[in-house]
Amino acid sequence: MRSSLAPGVWFLRAFSRDSWYRGFILLITFLIYTCYHMSRKPISVVKSRLHHNCSGMIQPISDTHRLNDTTWCNWAPFDQSNYKELLGAVDNAFLVAYAIGMFISGIFGERLPLRYYLTAGMLLSGLFTSLFGLGYFWNIHALWYFVLIQICNGLVQTTGWPSVVTCVGNWFGKGKRGLIMGIWNSHTSVGNILGSLVAGVWVDEQWGLSFVAPGIITAVMGLVTFCFFIEYPEDVDCSPPQYHGELEENVDNAEDPGNGPHSNRENGLESAVTLSKEPSAQPAAISFFGALWIPGVVEFSLCLLFAKLVSYTFLYWLPLYIFNVVHFSAKESGDLSTLFDVGGIAGGILAGLISDYTNGRATTCFVMLILAAPMMFLYNYVGQSGISISIVMLLICGALVNGPYALITTAVSADLGTHKSLKGNAKALSTVTAIIDGTGSIGAALGPLLAGLISPTGWNNVFYMLITADILACLLLCRLVYKEILGWRSSLSRDRGSSVALTHARSKDSESGRSVVLGKCFLRGRSCCEDGRGKASGPNTSQRSPRGFHGLGDSPPEGDHQA
């Protein structure tokens, strides 16, 4: 006697081969960019260790510093009074290089195999992240060393984002792109959380390991990428997604007898095989200025500049803010700052879900950015009055700040990269993603720089700067929000018009159907039932009508009946 099929096997059979491959692509790209962000986070945790008040610590007897020196435990050159400016310079070395490199990276990403491109980028990112931490073990105190390492790391990390977004765009159509990419984009926050936790393990003892450990993990993930990364669904005989141009072409040819459901599947498989066998048939890559002409690219790029300015200022300066204002230890400040990223996970998913339901990407970003401004103001003034309030407000601020940032860098970039004006040419996806994220990275560089310059005048001024940037991001979306509102109004008008037309058509069909039935009854010479369904109602029915045949006159003569 055989047992029934195991529940796990039922689960495996519930999904098609294409679905399993698509799930695998989401997982591996998720892990790839989680490692990228994990390697960026340690600097924000280690900042509070590079410079802090040493008066409460026991000074070693063999130390060369003065007896009352409160900076003896700091790491030179960050032991000076201008340490905030120096730390800001280290941050900006990475961010400026990242912003500049991003505009170039997208162009390379469209013209090079993504598997090799990502593998090289991850191996080099792991190398430079580890070299920053090795400065602790090699006892390096030269500012130029840390700045140079950050510049190199910023350049090689630009290989990540255009590549993973292009890959996901190659595998997934428009569909539920906002929700799928909202969940997928949580890799940014997960990477920040893991980076904070890993760095926090060694920050109070050997802070160099806070960089070496994430660097090794990133390099190992680079080797996994080389072994398992799949760029196109056609490479493994999976069906490619449909873009705007393909959908419109299918609609135009819907009446063609060769475009039935079975022939569509066969044609899709044939085209997939053809594309995989004939790479020369692929469309040419779009130019940089050609991508700028795609509607919405400029507005969303500038909006992301200010949204990313806010997000990256929190990313790089929130642990130090908590350390200075709440007076937690370096590890506790790093752990508490992860709540901002936890809120960012929920915000990204919520933004994607709402934008899918409403079909309003710009409006979703606009509303969340509007709500973020007062929440940042409240967090600065009342968020530190208690640990419970601080936790709640960090979660809310993280959701409202990172939600629009996540939506623009994922679903919006993929939408614009497969815009209907491109007529199905998905080769623009990497360039569009690089333009949007590259422009945003300019804001990511400005935010920490401004925070480093403004923070000596007081943390209140830093939050005023963040609120101003948030409002400017909202203003840049006004035209797109207006367009979406007009689109909703026209859609509602069409729905009302179609419902009225459908009701009118049904009433006309009912009347014509009744007329046909009555005509048949007239030809048969028998009276019909009152419901107009053409059934004879019996010999006594004709007597109920004063005219014998429901107002059409008396029964027809014998000749007509024979006819």
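Cβ coordinates come from backbone N, Cα and C, glycine included.
It should be emphasised that the depicted structure is a prediction, and the values quoted were computed from it without experimental measurement.
Feature annotation from TrEMBL assigns transmembrane segment to 20-39, 86-108, 114-136, 143-164, 184-203, 210-232, 284-307, 314-330, 362-381, 387-408, 428-450, 462-482. The feature domain 'Major facilitator superfamily (MFS) profile' is assigned by TrEMBL to 25-485. Taken from TrEMBL, the feature region 'Disordered' applies to 249-271, 530-563.
A contact links the transmembrane segment (210-232) to the transmembrane segment (20-39), because at least 3 Cβ pairs that are 6 or more residues apart lie under 8 A. Nonlocal intrachain contacts for the transmembrane segment (86-108), taken as residues 6+ away from its ends with a CB within less than 8 angstroms of a stretch CB, comprise 40, 43, 47, 50-51, 77-78, 80, 117, 143, 146-148, 150-155, 157-159, 161-162, 285, 288, 312, 316, 430-435, 437-438, 441-442, 444-445, 448-449, 451-453. Tertiary neighbourhood of the transmembrane segment (314-330): same-chain residues 40-41, 43-45, 47-49, 52, 91, 192, 196, 200, 203-204, 336-337, 340, 384, 390, 397-398, 401, 447-448, 451-452, 455, 459, 462, selected by CB-CB distance under 8 Å and a gap of 6+ residues from either end. On the 0 to 100 pLDDT scale, the model's mean across the domain 'Major facilitator superfamily (MFS) profile' (25-485) is 80.
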